[in-house]
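The feature domain 'Peptidase M12B' is assigned by TrEMBL to 80-187. Summarising the annotation, TrEMBL assigns disulfide bond to C81-C88, C100-C182, C139-C166, C209-C231, C220-C238, C226-C261, C251-C266, C289-C326, C293-C331, C304-C316. What TrEMBL lists as active site is E123. Feature annotation from TrEMBL assigns Ca(2+) binding site to C182.
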Amino acid sequence: MRTSPLTASVSGRNPFSRIKVMEIPFQKMALLTMTTQSLLPGVTTFSTVRGLLCAFQQAVYILCGCLGGISECTTCWYDICTYKNKPCGTLGLASVAGMCEPERSCSINEDIGLGSAFTIAHEIGHNFGMNHDGIGNSCGTKGHEAAKLMAAHITSNTNPFSWSACSRDYITSFLDSGRGTCLDNEPPKRDFLYPAVAPGQVYDADEQCRFQYGATSRQCKYGEVCRELWCLSKSNRCVTNSIPAAEGTLCQTGSIEKGWCYQGDCVAFGTWPKSIDGDWGPWSVWGECTRTCGGGVSSSIRHCDSPAPSGGGKYCLGERKRYRSCNTDPCSSGSRDFREKQCADFDNMPFRGKYYNWKPYTGGGVKACALNCLAEGYNFYTERAPAVIDGTRCNADSLDICINGECKHVGCDNILGSDAKEDRCRVCGGDGSTCEATEGFFNDSLPRGGYMEVVQIPRGSVHIEIKEVSVSKNYIALKSEGDDYFINGAWTIDWPRKFDVAGTAFHYKRPTDEPESLEALGPTTESLIVMILLQEQNMGIRYKFNVPITRTGSGDNEVGFSWHHLPWSECSATCAGGIQKQEVVCKRLDDNSVVQNNYCDLDSKPPETQRACNTELCPPEWFIGDWSECSKTCDGGMRSRTVLCIRRIGPSEEETLDDISCLTHRPIEKEACNNQSCPPQWVALDWSECTPKCGPGFKHRIVLCKSSDLSKTFPNANCPEESKPPVRIRCSLGRCPPPRWVTGEWGQCSAHCGLGQQMRTVQCLSYTGQASSDCPENVRPPSMQQCESKCDSTPISNTEECKDVNKVAYCPLVLKFKFCSRAYFRQMCCKTCQGH
């Protein structure tokens, strides 16, 4: 997903009003168009719309008969958002690595004018498996290469005219892994009439602003327009979404009076950098071998940098990375199987919160070069890695090895890509002289209800084939000379599968509609006896195998060799035109067995012949795509696939028909998957408020171990401790206010009449109310002040004479020090205080 700090929506236009159809540097990709008048009812987010677009794309497949290599890119005038129904900075949405998955091979892009080209290229990058620069990679981070076209946010420092090294690595890995095979088809070529004028010459900077911000917008800042185009918004503010002006837009710098934009720079008007085609640099030294024994691979790479293509020049064609076999000597006896070791490496890694012992899964229905491991003691397997380590055998019965997740041919000499063949005796490059063929037909009439011997297979035999001539209720059995049964013994019938017997693998097959068979490549390490368990009349068993012999002299001196055309191969197609080939092989003249080509005269080898066959039209049939990934890893998800009614009308041409044309039942498109219950998981409740209210503090929350449907709560021990979310985090609501002086209410005046004093409390308190000593003394409020009480002016009763008490000698002092306002002194010195 591409995001930008600014949006570029334009109101008053119909969404999905048009689509930009652009040239993409992959000829095998088509850009589809769509017209819609409004957002569909009930659809509130564009993450939902993207899914609808992919479904629309599949409908277009049916209309146009296209079956692969199509990526739909739609642009619209909506201010698109994901996961919410409100304006935001999202410019596009796409599925990562979904290029060849029909239900994910699409993107939706916000129309921001000519700059939409960058968004579309960015989203196609996601389809090819690219992550954002700086997300899971070093590009765009401090001290590394700057973010480029796959930057998560558009800024003035973003260079959208080129791909970062990280992006190149992502797409290289995507294509090398085989996930881009839908692009291998050859689409019909179409000639496009491209404009000869640069877009910035057709639409000047003002027009480009109007594309982005509406009819009244224009350019408002004339600095580095080739890096950022600044425009007047509807609110008459000068804004930018950091999109560069289009190629060819007029520009000016201190050294260039009249220039135009080229890939983010202002160059002299009318000039373009010279186009330079790329060429390969030297091959690197061979890398380290992937295995120490048993046949690994090492690699060597070269880069298109001598010179690198520039100015629109062509990229290098040819092999970028090469491989060779290494350490082909057999591993020592008792060594651990290489694939088994890779599975065991996951024993110490939790899977869904638990630990398992993993063994290689050898069943069918999985990719040969993916690391599928079986949980020992449990009835499930899973893909632990999308690809095994390079050099791992594709399967136990083949020398072919996996490279980049794909199976590659290995000759019998353990050399990658070698055409070395085993002869009939399983001697690599041999002439077939070290063994002789034994074959026969056993059809003796025997009594039913017991085991009967068919043939003895000597030690060292190879290419063993035992097969009934017709379907019957009888069973082939295999035992040793010591009467120890390996297959179907003791009246117990084994399920068809692979049996490791006498140093080789025997494949026991029992199809419902074909005769029973038993096959092994050999050589056997002991003599074996083929038996038949008779349940009905013996219909006959054919057998053949090659037995080792000892010859005197050299085999190629005893017999001659010559080139032979093999019989015509089966037609490569049952209808709509196929090819039959006659391969040329070197054979021994005495027994017609095939040997290595170098035993014949290579100069006289005749050419291989071929002819057309089965040219009639094919009947309609169902095209069934691969299943998508399950929508959930547990607790029941859904997966889907493409199902179309098609008819082949040529070797590489098909047409799509209505479903009614296919006579058989339509295969299902969707099914449930991963129905097993999810393990308990941690569920975090909301964070508390930050405490204290200012300064450094903490937020707290409750984290529970709950069932996947959140209906049950388990003890914490049921959930993995290493993945438990934190229950406390640091926080801060800003700097705390400083301590301050806090005053209480003034007390009563000390004098009931006249002047006195009153007091109050003055404290230095922190914001929490705690006593503090950090308040500045120079602003401390006073704790005492003078006060004056109103005196009682009621005249003294005449009945009692106002006089000083005789025994009080200090009445003059009372008057002097103004104590007359006090009741006691006023009473004792009534005459002195009278009038005061």
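Glycine is treated like the rest: Cβ placed from N, Cα and C.
Feature map: annotations from TrEMBL on the structure.
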residue : record         : Cβ neighbours (10 Å)
C100    : disulfide bond : 23
E123    : active site    : 24
C166    : disulfide bond : 23
C182    : disulfide bond : 19
C231    : disulfide bond : 26
C238    : disulfide bond : 11
C261    : disulfide bond : 25
C289    : disulfide bond : 19
C304    : disulfide bond : 18
C331    : disulfide bond : 15
Worksheet item: Where does C293 (disulfide bond) sit in the DSSP three-state scheme?
Response: coil
Worksheet item: How many other Cβ atoms sit within 10 Å of the Cβ of C209 (disulfide bond)?
Response: 25
Worksheet item: If you count the C-beta atoms lying within 10 Å of each candidate's C-beta, which of the disulfide-bonded residues C139, C293, C316, C326 ends up with the smallest number?
Response: C293
Worksheet item: When you put C238 (disulfide bond) at the centre and draw a 10 Å sphere around its Cα, which of the disulfide-bonded residues C182, C231, C261, C304 have their Cα inside it?
Response: C231
Worksheet item: How many Å lie between the Cα of C316 (disulfide bond) and the Cα of C100 (disulfide bond)?
Response: 24
Worksheet, complete the sentence: C331 (disulfide bond) sits from C289 (disulfide bond) (Cα to Cα, rounded, in Å) at a distance of 14
Response to the item:
C251 (disulfide bond) has its Cβ surrounded, within 10 angstroms, by a count of other Cβ atoms equal to 24
Discussion item. Mean pLDDT for the domain 'Peptidase M12B' (80-187), rounded to an integer?
Written reply: 81
Worksheet, complete the sentence: the domain 'Peptidase M12B' (80-187) resolves under DSSP into 28 helix, 15 strand, 65 coil
Worksheet entry | Pairwise Cα distance for C293 (disulfide bond)/C266 (disulfide bond) [Å, integer] | 58
Worksheet, complete the sentence: CA-CA within 10 A of C251 (disulfide bond), subset of disulfide-bonded residues C139, C231, C261, C304 in residue order, equals C261
Practice prompt. List nothing but the one residue from C220, C226, C266 whose Cβ has the fewest other Cβ atoms within 10 Å; the candidates are the disulfide-bonded residues.
Written response: C220
Response to the item:
Cα nearest C231 (disulfide bond) among disulfide-bonded residues (C100, C139, C304) -> C139
Worksheet item: For C331 (disulfide bond) and C226 (disulfide bond), what Cα-Cα distance in Å is obtained after rounding to a whole number?
Response: 62
Practice prompt. Please report the DSSP secondary structure of C209 (disulfide bond), reduced to three states.
Written response: helix
